[in-house]
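*Asks:* Sharing a structure with you now.
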Amino acid sequence: MAASVSTQSLGQPLGDDQRFGLSRHVVLPGPLRLDGGGLLSPVEIGYETYGTLNADGSNAILICHALTGDQHVASPHPRTGKPGWWTRLVGEGKPIDPARHFIICSNVIGSCMGSSGPATIDPSTAEPWAMRFPVITIRDMVRAQAMLLDHLGVGQLKAVVGGSMGGMQAINWAATFPERVRACVMVASTARHSAQNIAFHEVGRQAIMADPKWRSGAYYESNDPPAAGLAVARMAAHITYLSEAGLTEKFGRRLQARPDRPDGAKSFGFDADFQVESYLRHQGLSFVDRFDANSYLYITRALDYFDLAEEHGGLLANAFRGTATRFCIVSFDTDWLYPTSESRSVVQALNAAGAAASFVELSSPYGHDAFLLEAPEMNRVIDGFLRAES
Ligand SMILES: CC(=O)SCCNC(=O)CCNC(=O)[C@H](O)C(C)(C)COP(=O)(O)OP(=O)(O)OC[C@H]1O[C@@H](n2cnc3c(N)ncnc32)[C@H](O)[C@@H]1OP(=O)(O)O
Ligand SMILES: N[C@@H](CCO)C(=O)O
């Protein structure tokens, strides 16, 4: 089966639409051999590109997204209209710039923004996969991206860049396809999920599965998804993306103003009295508008299974021995989801393997989500690292 692409082909001059990212969807024949033992075929991938691949194919940068991210890294989300999620780093005049780089960002398999996942159609039944979709790993996501790069004619990457789960993909890229990656940037991330990381995800998964509307994952036809469970999952997870100091500064113990009572009066009930409660409810509710509950189960599972050392005989340094890839590792001092100690472990392994590595811990009040927010130091570090290539 030949690959089919739903929009125009590559290699054309940068037009207005491309400056803002060109959304594409490709169906690759596969099969993709999965770590869990199965085969995925075909492999659907939703992706965006910005800029043009240069004549010697040396300017391609792959950007990998986080758990609930998508391919719309620097262009407005087609449904919500919100700006791309990394416009601080990616765009004209930014460290990753379509005027200089050919930028690719693809939705991971398992997700729900155009790539194969539980909500897409299983060709053998002509119905959504739902929970019959195979369990996938971070390395499976990376292998699917490698198939996409083959399809796009991109042999070697100037760099692979990602934050959070995107950082896990980036480092997995460098370990799985070292010859295809000249530089790797891992931000606010880790080489393995800790017991605490797994524990938080299990709370979220159980919230979804405990929602009667989940129906063992077979809710697509009902048009009535397990929104309450997914919202609670997001609320619990969102707390881990923030810092204690950031929450205190933003909300403290302040009460939520409401039309039916003067500011400052407690309800002595279970309404969202505190601003922080109201905020979390808003985060939970707005999330269910843009994300699929089954995808949340599959991607959190992929994160929990992630242990790069385990993929390389139990020793993290083995993942990088003999590599020519340069690494840039960035952590944030208030990130308690993937704390600096996790980044240091990666740097130690890179040093033990003799790999070229730079590491910086940045100061930010924003916790884990600092990588998505105003972080001029992060931009300077990544810009310097990407320009330093000899
Ligand atoms: C690679 C990726 O990760 S892509 C996915 C990233 N994006 C997301 O995850 C979306 C969810 N949001 C987040 O993760 C984070 O909020 C960030 C990092 C993206 C944005 O952070 P900030 O700019 O600081 O926004 P903040 O966290 O304050 O949230 C603002 C929202 O909360 C709402 N809000 C703020 N205070 C309150 C309150 N007291 N009650 C109710 N809602 C409130 C705002 O109205 C705003 O709503 P909107 O987003 O619908 O416009
Ligand atoms: N806020 C980001 C961080 C998770 O790592 C997301 O939802 O994907």
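Including glycine, each Cβ sits where the backbone N, Cα and C put it.
Unlike curated entries, TrEMBL annotations are predicted automatically.
Okay, so TrEMBL annotates it like this:
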ACT_SITE  SER164  active site, nucleophile
ACT_SITE  ASP335  active site
ACT_SITE  HIS368  active site
BINDING   ARG234, ASP369  substrate binding site
DOMAIN    59-374  domain 'AB hydrolase-1'
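Give me the lay of the land around each of these features.
*Replies:* Every protein chain considered, the tally of other Cβ atoms within 10 Å of the Cβ of SER164 (active site, nucleophile) stands at 27.
Under the three-state DSSP scheme, ASP335 (active site) falls in the coil class. Non-local contacts of ASP335 (active site) by the CB criterion (under 8 A, 6+ apart in sequence, same chain) comprise ALA188, SER243, GLY367, HIS368, ALA370.
DSSP gives HIS368 (active site) a helix state.
Within 10 Å of the C-beta atom of ARG234 (substrate binding site) sit 23 other C-beta atoms, taking all shown protein chains into account.
Mean pLDDT across the domain 'AB hydrolase-1' (59-374) comes to 96 in this model.
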*Asks:* Among SER164, ARG234, ASP369, please name the recorded positions whose Cβ is nearer than 6 Å to ligand 2.
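*Replies:* Close enough to ligand 2 are SER164, ASP369.
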*Asks:* Test of understanding: give the count of other CB atoms lying within 10 angstroms of the CB of ASP369 (substrate binding site).
*Replies:* 22
*Asks:* Near ligand 1, which of the recorded positions ARG234, ASP335, HIS368, ASP369 are found, taking a Cβ distance under 6 A to any of its atoms?
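*Replies:* Going through ARG234, ASP335, HIS368, ASP369 in sequence order, those close to ligand 1 turn out to be ASP369.
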*Asks:* Using a 10 Å radius around its CB, how many other CB atoms surround HIS368 (active site)?
*Replies:* 25
